[in-house]
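Chemist: I'd like to ask some things about the structure below.
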Amino acid sequence: MSEANGVNPGASGVNPDQELNAENLPGRRGDQGEPIRVQRGMFGANNGGDTSGYGGLVRPVRLPGPATRPYGGWFDEVADELEGALEEQSLLPENAIEKTVVDRGELTFHIAREHLPRVARTLRDDPALRFELCTGVSGVHFPGDKGRELHAVYHLRSITHNRLIRLEVSVPDSDPHIPSIVDVYPTNDWHERETYDFFGLIFDGHPALTRIMMPDDWQGFPQRKDYPLGGIPVEYKGAQIPAPDQRRSYS
Amino acid sequence: MGIEDKLPSGFLLTTVEQAAGLARKSSVFPATFGLACCAIEMMTTGAGRYDLARFGMEVFRGSPRQADLMIVAGRVSQKMAPVLRQVYDQMPNPKWVISMGVCASSGGMFNNYAIVQGVDHIVPVDIYLPGCPPRPEMLIDAILKLHQKIREEKLGVNRERAAREAEEAALKALPTIEMKGLLR
Amino acid sequence: MSATHATHSTRSASARETTEGTVYTVTGGDWDEVVEAAARTDDERIIVNMGPQHPSTHGVLRLILEIDGETVTEARCGIGYLHTGIEKNLEFRNWTQGTTFVTRMDYLTPFYNEAAYCLGVEKLLGIEDQVPDRASVIRVMLMELNRLSSHLVAIATGGMELGASTIMIYGFRDRELILDIFELITGLRMNHAYIRPGGLAQDLPPGAVDQVRDFLKKMRKNMPEYDKLATGNPIFKARLQDVGYLDLAGCMALGVTGPILRATGLPHDLRKSQPYCGYETYDFEVPTAETCDAYGRFLIRLEEMRQSLRIVEQCLERLEPGPVMVEDKKIAWPAQLALGPDGLGNSLDHIKKIMGTSMEALIHHFKLVTEGFRVPPGQAYTAVESPKGELGVHVVSDGGTRPYRVHFRDPSFTNLQSVAAMCEGGQVADVIVAVASIDPVMGGVDR
């Protein structure tokens, strides 16, 4: 299972001495998850020749795939409550929740973007869910995940029930619009501006979506994968060291 | 006691240049220009244990109009660069700049889109101080070296001549890119 | 000007001669209406730009205040003046090198950044349970010492901004004692990169435990000085009490955590609710206050410092000899680092082994050092209770030797959003107090 992803057996994410249960079981991989990248060769050299003889290997790298019930622990409880609450609002859960991933003891709901505000409001207001603290939004750019290049990841914490879940919304690069949830969680004001600044995700309905970190006249969205790191070669006594993103490297 | 004993008959001869240098180096007013980690070390230098007051420099001025030394303490982002230059322009002449820490001196480990790769792109720098962050002792050492520099600074025609000589020497020197040998 | 007015309103202007010339005092008639109208047009209302380079904001924070007389009607923050692109830089370094970058984010709480990041990487690797106990105990000890030093700076600079420079001198004096310990243990006063994925860079040096014991003794002696200087001081209280008010509803809406949240009476502390590094086994209390103001936050910081001293003491009792890095040789740096005669951190025994006897060990060392280890694809979120609040790290791996994306949810960034809620309607001088009570560190805000 883990070798298929080009992973050291010793670091496969599973502790062989540990009893497996829902809290520590890694998510299903194999053919299930989203392909995000293609690994060529054994050693991940991105330039220069691979003389090992394994340079022809091609393997897709996938994120953990969807989980099936039971998720284990309190995960089922949260999922049941959320689905029930969405049904009460006459919203079919399978329309709102694209998939549910359980990986490394964390529960992730992939939400269709048009239903994000309603799901967030339900998660906040339902007494059995009560995720009152949103820890902001983090953008991730997967250029290899066609049609779902930009991901916005929200972590919600429930102080009442002492739980943490993750919401993930994926949008294509050609249409990077996500409804803003600032009116549900006002704390996301700056977080959404930051994600817009770095990834170009446009949060519809945000009160003032402007750049926050970069100067106002900055071109491009610097933390996307297609934006170069922007370093300069460093020169010292006749030797020149290229910027970190230009060097020969393994990944 | 001190200089009085050495005076032959109540006279003391010196040049205006030396007197001005002595006066200037003894009354340097740094501007608070704390940016990042180095700013904390700069504050530590001003506080009890390292006590910058020993060198007559504990009065950090909030207003650049009252300051003649700018200690650029920390990484300078592209967004901060115009502000830094404006603060420098607001300082009255003569003024000096210490580039504190490797980020201010050359960008350091942050060789990326956000950080200006050396504050000398924006303002002329008198002393480069390495370290990440430099210890307070290192900052004090840099300040003492700057004092020495200020003290020896020339005035008027002498200054012009000194500048010309420095430029000629720099033109003759081997460019860094042509230097060979071990990287140390 | 007065002369021309005087010609067509002769009935109400009286002239008198002064050394500056003739001065007319104009009263009565429609002038009263003019004066009233002028008052109505709010020409007292001005916009003040504080910063980004200003002595009494924390770092390069820019505050844009609209003030009406002495009252702040609108307060907005301009940030990003210290944006360093650390999150992007991490994507071009391997997982272990990442610690050197994250430690420079919030430069007053380096151990928290490192610990949060390393816990995230360990979660991705699935090795949380393999981290040796000794490493966890040392992590907790360093984090709590770091909490002390961070709160000391918060109190010191907060005092300085109020004009109480004695508090500043005292705070930095005690912080130096902690920095001495850090320097002994990690080799650096700040920006340590000591906590590594899987454990620690190296074990405690000889004499470290004694120095921490000495420090505890000194700090216990010094703690009452802050009470004497500030806690009961009527001027200090007058400046802080009922200033920067933010109640529980405001904190919840704005996602504010840390001492500001605990000052509203909610004992939310991740060390208790979601323990990491074995915090559930330590005996300490979570202080709260009911005041919702800057004074309550100050009292909480003082009390947290006392609790941190308790935890550090328990750590010292628990230190058992043992490894400080996971067993897995695919992750653990092969050599126990020691400062060699060449000034580099190499272990001579290890060099002898890899250069003289074991070719495989040499290859392994080379691969691990140049390339690093691979982390299975996936994402993880870990959070620690930093002195400022919930410090969360979202780590994404694509199965490579480098982080695919690391995002820090820095408490300073989130808490700083509450400036508008705390300052609007108050006095200009209270803005300084409110910002100081949030204790934002711009390195963490802008990253």
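Including glycine, each Cβ sits where the backbone N, Cα and C put it.
Just so you know, TrEMBL annotations are computer predictions that nobody has curated.
Annotations per TrEMBL:
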BINDING   B:Cys37, B:Cys38, B:Cys103, B:Cys132  [4Fe-4S] cluster binding site
DOMAIN    B:37-146  domain 'NADH:ubiquinone oxidoreductase-like 20kDa subunit'
Chemist: At 10 angstroms around each C-beta, which of the binding-site residues B:Cys103, B:Cys132 has the fewest other C-beta atoms nearby?
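Modeler: So among B:Cys103, B:Cys132, the binding-site residues given, the one with the fewest Cβ atoms within 10 Å is B:Cys132.
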Chemist: If you average the pLDDT over the domain 'NADH:ubiquinone oxidoreductase-like 20kDa subunit' (B:37-146), what number do you get?
Modeler: 89
Chemist: Around the Cβ of B:Cys38 ([4Fe-4S] cluster binding site), how many other Cβ atoms lie within 10 Å? Please give the count over every shown protein chain.
Modeler: 29
Chemist: For B:Cys37 ([4Fe-4S] cluster binding site), what residues in its own chain, 6 or more apart in sequence, show a Cβ-Cβ distance under 8 Å?
Modeler: B:Gly74, B:Gly101, B:Cys132, B:Pro133
Chemist: Could you tell me how many residues in the domain 'NADH:ubiquinone oxidoreductase-like 20kDa subunit' (B:37-146) are helical, how many are strand and how many are coil under DSSP?
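Modeler: For the domain 'NADH:ubiquinone oxidoreductase-like 20kDa subunit' (B:37-146), the helix, strand and coil counts are 46 helix, 16 strand, 48 coil.
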